[in-house]
Amino acid sequence: MDAEAGPAGAEQLPWRQHYKNLVLLAYQSFGVVYGDLSTSPLYVYKSTFSGRLGQYQDEQTVFGVLSLIFWTFTLIPLLKYVIIVLSADDNGEGGPFALYSLLCRHAKLSLLPNQQAADEELSTYYREGFSAQHGSSPWLRRFLEKHKKVKTGLLLVVLCGASMVIGDGVLTPAISVLSSMSGLQVRATGLQERSVVLLSCIVLVGLFSLQHRGTQKVAFMFAPIVIIWLFCIGGIGLYNIVHWNPRIYQALSPYYIIKFFRTTGTDGWIALGGILLSMTGSEAMFADLGHFTSASVRLAFITIIYPCLILQYMGQAAFLSKNMFHMRTSFYDSIPGPIFWPVFVVATLAAVVGSQAVISATFSIVKQCHALGCFPRVKIVHTSRWIYGQIYIPEINWILMVLCVGVTVVFGDTTLIGNAYGIACMTVMIVTTFLMALIIIFVWQKNILFALLFLLFFGSIEAVYLSSSLMKVHQGGWVPLVLGFIFMCVMFIWHYGSRKKYLFDLQNKVSMRSILSLGPNLGIVRVPGIGLIYTELVTGVPAIFTHFVTNLPAFHEVLVFLCVKSVPVPYVPPDERYLVGRIGPRAYRMYRCIVRYGYKDMQRDDENFENMLVMSIAKFIMMEAEDVSSSASYDIANEGRMAVIRTTEDAGTPLGMRDLSGLADSISTTRSSKSESLRSLQSSYEQESPSAGRRRRVRFELPNEDTMDQQVKDELLALVEAKHAGVAYIMGHSYIKARRSSSYVKKIVIDVGYSFLRKNCRGPSVSLHIPHISLIEVGMIYYV
């Protein structure tokens, strides 16, 4: 018996571990994903009855409102997001840009420059089971891929959704904190509105001031707060149902929706702008998916979120059906007296958690926009070593804080902020619905009828809610429209200017034939060291190189044309990140290296980048000699073969590395092209700069192998000596101007808008973490 039980127990163990991890992730998701959605009962009924619907103070109207809330919450968060949209993740990532990234890869709708066929060989590029030959609606695919204006229109739709997500980051903290603080007026009746607004602003400033500590601990520390909050409001709802109106369950029938609109008419339609607040936070649930799994998010929603919130909405409706005069503070008035203060404290903490979730989602969407070339360069701080993707963006944080406090002070009323909040949320939801319809066709490869059915069903529901919200533009609804327009202009102007700059580089690049005709020395003096020439081009020689050697006819022994680019995937596996190739014959010592990052990857924030780059080139030299790279190589414009280089330790190392950190004497004895005074300057710079002091110092050594080919050995030796001599980073310092023949609008966009953004964002050398002591900038004027 024991012998038979052993294998069975071994088989059950992985299943037990799987379910244990699933439950743990579901538990953690409460602290990050559901904070916003779970605090909606604080303000839904107040916002709904704030307008002319307040004239219909009878039980049938309350039943109709509850019926609308129930079916809205069931159809949009549960059916659309939890059951359908969560299945459209991009390698575990969610949000509008994740859907756009999927479309760019599976239907070639991207406007990103410098894309190449080698990118399609990434293991994370295509969805599992995808086949381009078996796609549905090929005529639609050809139409979208052929017309650039359609691609631009799709990008504008995505940017609209992204800008509204940023708008959510302004409005969610304001309405959540202000709603929770307004509970003080229930017991402290003498407390004025100004005092509540002041307390809310203090809490908001504290919330944004703590963002630099990161959200690493939020998931585990704040999850109990949200769970306690949910059980509190679920229990209070159940108590109110039993105590005030047990017949409230009848309102779950859609019959009361029909009756509601028959009675209220246009007033009921306008009141939809308050009812839609019950589903705000659904988009954050999808956008924050990257830290969890779709199964864990579904488990948490179906088992706790959905029943607790439905019970709360039913209980609050039962209370209101017998206490219509408590409409303005219905949530806090419905709390039994003995537990009021504990629930108030939990409500305030839950509001902070809900705000944190949306702020984190805002940081994430800005990072994605930046990686895909649609947002100016900003400082991105990775706040966790263990949880990948936890980031903090100082500039965005302080902009959000100023805007959030400003909205709270100017409006000071959750109803007006709710009007603005509803427009922002519904716009994002409609964008997601539209993108999902395209995902169903091009990624899931289903019949176009399924996509149309999805688009018409959910799109019509959301359009009705959006139309109701737009009726309140003059009552605070203008805020997200103005904010969205500003952020959208910033993103599109940056994308347009960056793309024009890339096209200028592409049109003015130097052909390889003219460069190679100069001979191994390129007609200039070759000095010791490695020259890294940064370029956005994946083929050809950038104009900055010829501009440099024309004015200073000397360059390094080893030249590396380095392209750091983004690929429309969330993550690029480390073993697929580096593409290395040779330019010209072996004697030229010229290489091209393409470093690929996904939109969620941490770009080049690596102290050992130089060492990894040298090791990658050395591996390429060995692979080329052994001719084992043919299976993973690409021919790019006859520049020679480019191979994917594995960078992990088990991939084999052609060079030995000896750590010299802290051994100043050893370093000073290495061959260097730098003068004594320059080395002294570098030493002073490294002492003053903490990041430079942490850079790992290594010495590469060539293994003593008699079997190695002499040419390969000489090339590796030249690479090692050049590395020890020093590495210089050469990049263009560009000035972008519109041509004189350009239109007036283009001149404003390039000369004013794009120029302003470039001057006030982080420089490319700072974003790429290039040490200033080794940087050489070449001035260039681009007339686009």
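First residue shown is number 1, and so on along the chain.
Placed from the backbone N, Cα and C atoms, the Cβ positions cover glycine too.
As recorded in TrEMBL:
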{"type": "TRANSMEM", "residues": "22-43", "note": "transmembrane segment"}
{"type": "DOMAIN", "residues": "25-516", "note": "domain 'K+ potassium transporter integral membrane'"}
{"type": "TRANSMEM", "residues": "63-83", "note": "transmembrane segment"}
{"type": "TRANSMEM", "residues": "152-175", "note": "transmembrane segment"}
{"type": "TRANSMEM", "residues": "195-211", "note": "transmembrane segment"}
{"type": "TRANSMEM", "residues": "218-242", "note": "transmembrane segment"}
{"type": "TRANSMEM", "residues": "269-287", "note": "transmembrane segment"}
{"type": "TRANSMEM", "residues": "299-319", "note": "transmembrane segment"}
{"type": "TRANSMEM", "residues": "339-366", "note": "transmembrane segment"}
{"type": "TRANSMEM", "residues": "387-411", "note": "transmembrane segment"}
{"type": "TRANSMEM", "residues": "417-441", "note": "transmembrane segment"}
{"type": "TRANSMEM", "residues": "448-466", "note": "transmembrane segment"}
{"type": "TRANSMEM", "residues": "478-497", "note": "transmembrane segment"}
{"type": "DOMAIN", "residues": "528-782", "note": "domain 'K+ potassium transporter C-terminal'"}
{"type": "REGION", "residues": "666-695", "note": "region 'Disordered'"}
{"type": "COMPBIAS", "residues": "678-689", "note": "compositional bias 'Low complexity'"}
For the transmembrane segment (448-466), what are the same-chain contacts with Cβ under 8 Å, counting residues 6+ beyond its ends?
72, 75-76, 80, 84, 136-137, 140, 269, 272-273, 275-276, 422-423, 426-427, 429-430, 433-434, 436-438, 440-441
With a cut-off of 8 Å between Cβ atoms, can you find at least three pairs linking the transmembrane segment (63-83) to the transmembrane segment (299-319)? Only pairs 6 or more residues apart in sequence count.
yes
Near the transmembrane segment (269-287), which same-chain residues lie under 8 Å Cβ to Cβ, leaving out any that are not at least 6 residues past its ends?
33-41, 43-53, 65, 68-69, 72-73, 76-77, 80-82, 85-86, 94-96, 165, 168, 172, 261, 297, 301, 309, 313, 354, 357-358, 361, 364-365, 415, 418-419, 421-422, 425-426, 428-429, 432, 464-465, 468-469, 471-472
Count the CB pairs under 8 A between the transmembrane segment (152-175) and each of 22-43, 195-211, 339-366, then give me the winner.
339-366
If we skip the immediate neighbours and take only residues 6+ beyond the ends of the transmembrane segment (218-242), which ones have a Cβ under 8 Å from one of its Cβ atoms?
27-32, 34-35, 38-39, 41, 248-249, 291, 304-305, 307-309, 311-316, 318-319, 334-336, 339, 343, 346-347, 349-350, 353, 356, 360, 387
Intrachain neighbours beyond the transmembrane segment (387-411), with Cβ under 8 angstroms and 6 or more residues off its ends:
166, 169-171, 173-174, 177-178, 197, 200-201, 204-205, 208-209, 211-212, 214-216, 219, 290-291, 359-360, 362-364, 366-367, 378-381, 417, 420, 476, 479, 483, 600
